[in-house]
Amino acid sequence: PSCFGYPLSIFFIIINEFCERFSYYGMKAVLILYFTYFLQWDDNLSTAIYHTFVALCYLTPILGALIADSWLGKFLTIISLSFVYTIGQAVVSVSSISELTDTNRDGSPDNMQLHIALAMTGLILIALGTGGIKPCVSAFGGDQFDDDQEKQRSSFFSVFYLSINAGSLISTIITPILRAEQCGIHSKQQCYPLAFGVPAALMAVSLIVFIAGSGMYKKSKPQGNIMIQVSKCIGFAIKNRFQHRSLKFPKRKHWLDWASEKYDKRLIVQIKMVLKVLFLYIPLPMFWALFDQQGSRWTLQATTMDGSFVAIQIQPDQMQTVNPILIIIMVPVVDTVIYPLIKKCKINFTPLRKMTVGMFLAAMAFVAAALVQVQIDKTLPVFPTANQLQIKIINLGTFEADVKFEPQLYSANLKPLEWTDYVTLEVSEVQSLSIISGNNVINELIMLPGAERHTLGIRNNATHIDPVWLFDNVTSKPKEGKNLIRFMNNLPDILTNVTLGDTSFGTLMPYSVSNYSLFTGGRRENITAINYLAPCSVLSESLGFGSAYTIIINKCSGPDLNVTYSEDIPPNTVHMAWQIPQYFILTCAEVVFSVTGLEFSYSQAPANMKAVLQAGWLLTVAVGNIIVLIVARASTLNEQWAEYVLFAALLVAVCIIFAVMAYFYTYVDPKEVEAQLDEEEK
């Protein structure tokens with residue numbers, strides 16, 4: 001059966017591919033945040049495991065192709081591995097349900113080992129599934145056409161590529177929104193089970209759609225795998241060359257010619273062409289090492305930025321959508337505008353030159369990322385080391401106060417309700433504190449431990465001074481763009497039922513302070529308190545993202561609540577829009593590198609060797625991810641910007657090597673070579 005001149009079975013394959021890519025990219029978009037926030041891993045471990053997973057997803061296609069070509073055939077391979085894939089997605093989804101082991105109902109899992117084991121099992125199954133079907137689906141789609149349908153086949157491949165991008169785009173927008181929802185039985189938190197559950201459901205749909213069309217497919221028998229033949233031939237040549245290594249045997253033109261005793265000339269010539277291309281692949285992993293950090297390092301970078309776009313709140317993992325959106329715009333623009341313009345300028349922009357430019361652009365994208373990182377680092381708070389302490393002074397009284405840390409370490413003059421930033425002092429040097437206010441003077445010795453932050457509250461009036469020491473147990477900037485908030489009661493009255501939004505801070509005794517609580521960033525909530533049965537309330541200010549504040553209650557009478565906001569940790573101020581330039585440059589790099597690379601490979605090798613080249617290409621992606629993994633584990637760089645610069649420098653070096661290799665490469669036309677072989681055989 002056909003529809004618009006296409007085999008009807010094609011529509012099942014395209015819907016199947018859309019659902020599968022939605023499932024894969026949706027899960028992958030929230031993966032790095034799942035590692036850092038749910039499994040509580042640090043950035044480096046999360047990055048390492050993320051890239052191990054991506055590398056696995058690009059290694060398994062070689063396995064999938066072997067299974068399909070030598071044993072099960074494409075149809076059965078797709079069905080059986082999709083089944084494995086669906087189970088993997090479901091297992092990852094289950095691994096993110098904190099209630100599974102949360103016996104004390106505090107909202108965090110009690111047996112983290114179980115969650116980690118489930119997540120890893122699920123990810124291995126997903127890698128097997130997604131990788132195993134990757135080489136089969138597009139080829140299986142190509143098999144559905146007759147030999148006279150060349151035009152339809154090529155337009156099928158462009159629609160197929162579009163469905164991949166559409167699936168990745170829509171899922172990268174939707175799954176972060178699902179993740180940011182609050183859900184849970186006992187305690188509300190980020191909804192990872194939903195963010196992983198929807199991709200799992202779509203994978204099941206993908207499998208059902210594919211099976212539904214099974215009566216219409218053309219299923220070709222497995223024809224043996226060219227990869228196995230190629231490896232055997234190369235192996236035999238090396239073995240034979242080694243056995244004839246003494247000088248009495250005449251040399252041969254090329255080491256592969258040592259296979260001519262056993263293999264026919266055509267295969268040997270074809271393998272030589274493939275090896276020429278694969279040799280050029282050696283520098284390519286470095287490009288993928290940078291490219292695939294969009295989902296890891298760049299997403300972690302976005303978590304330290306401000307995501308408020310006018311009325312909408314952008315999630316850090318949604319920034320990855322910039323890539324597929326730009327791809328959909330850039331591919332046609334580059335093909336119809338940029339390349340023709342370059343041609344008009346009489347520049348011979350060969351495929352290998354395009355790839356060199358692509359590598360250089362990717363390095364520039366990382367320079368841009370490093371510049372953004374430097375700006376972010378300027379906004380990050382500095383915490384005290386083991387032999388330092390930090391003190392912030394607030395004047396809570398009604399008179400001016402002069403504060404000195406002796407011997408002459410630091411002094412400040414504070415008006416009522418004025419405060420200093422955190423002052424860093426060496427523990428060994430601080431001896432005493434003197435406060436002068438009006439006619440009152442107070443001196444006291446101080447002994448404070450290192451590596452801590454403290455707030456010194458000064459209450460004073462006409463007759464006396466009363467210093468209050470508070471311990472600030474915040475040692476890092478709040479994650480996920482959340483805010484830490486605590487209340488200080490600056491009244492002689494007991495305040496009951498102090499709340500911010502839905503969170504209760506309980507009762508605050510006179511001149512006391514509450515503990516910090518975490519809040520979702522960027523929102524304005526009602527602050528309420530009760531003073532002698534009379535409630536008072538006020539709408540809070542928006543406290544940005546990633547900040548910590550002490551809210552001082554100065555007055556609570558009748559409906560009026562008067563508060564002052566004292567900033568302990570500044571909010572994220574660098575806007576997420578600053579990531580767009582680096583995404584734009586990297587997408588330009590992808591367009592000239594990735595699209596050109598595969599076309600070039602196919603144009604330089606005989607048609608029956610495409611599978612070998614595709615395996616080689618996917619292998620470069622896998623090796624690229626392994627490079628990131630090694631750098632993330634072995635790097636001694638403490639600064640993230642320095643790591644970005646390191647990657648950019650490595651890629652520039654590799655880019656120069658590649659340019660030299662490309663310069664010495666001679667382009668061939670496989671059809672001419674085949675024709676020559678046919679002549680000789682006649």
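In case you wondered, yes, glycine gets a Cβ from its N, Cα and C as well.
Those TrEMBL annotations? Automatic predictions, nothing curated.
Taken from TrEMBL, the feature transmembrane segment applies to 22-41, 47-68, 75-94, 114-133, 154-174, 194-217, 273-291, 325-342, 354-374, 611-632, 644-665.
Simply put, out of 75-94, 114-133, 154-174, 273-291, 154-174 has the most Cβ pairs sitting under 8 Å from the transmembrane segment (22-41). Here the transmembrane segment (75-94) has long-range neighbours at 20, 23, 27, 64, 67-68, 100, 118-119, 121-130, 132-133, 136-137, 140, 193, 196-197, 199-200, 203-204, 206-207, 210-211, 214, 217, 219, meaning same-chain residues at least 6 beyond its ends whose C-beta is under 8 angstroms from one of its own. The transmembrane segment (47-68) makes no contact with the transmembrane segment (644-665), as judged by fewer than three Cβ pairs under 8 Å among residues 6 or more apart in sequence. Counting Cβ pairs closer than 8 Å and at least 6 residues apart in sequence, the transmembrane segment (644-665) and the transmembrane segment (354-374) reach three or more and so form a contact.
In terms of C-beta pairs under 8 Å, the stretch of 273-291, 325-342, 354-374 lying closest in packing to the transmembrane segment (154-174) is 325-342. Residues 44, 47-48, 51-52, 54-56, 58-59, 61-62, 65, 69, 134-135, 225-227, 230, 274, 277-278, 281, 284-293, 296, 597-598, 601-602, 605, 643, 646-647 of the same chain lie 6+ residues outside the transmembrane segment (611-632) yet bring a C-beta within less than 8 angstroms of a C-beta in it. Same-chain residues lying 6 or more positions outside the transmembrane segment (354-374) and placing a CB less than 8 Å from one of its CB atoms are 283, 286-287, 290-291, 297-298, 301, 574, 578-579, 581-583, 585-586, 588-594, 596-597, 600, 639-642, 644-645, 647-649, 651-652, 654-655, 658-659, 662.
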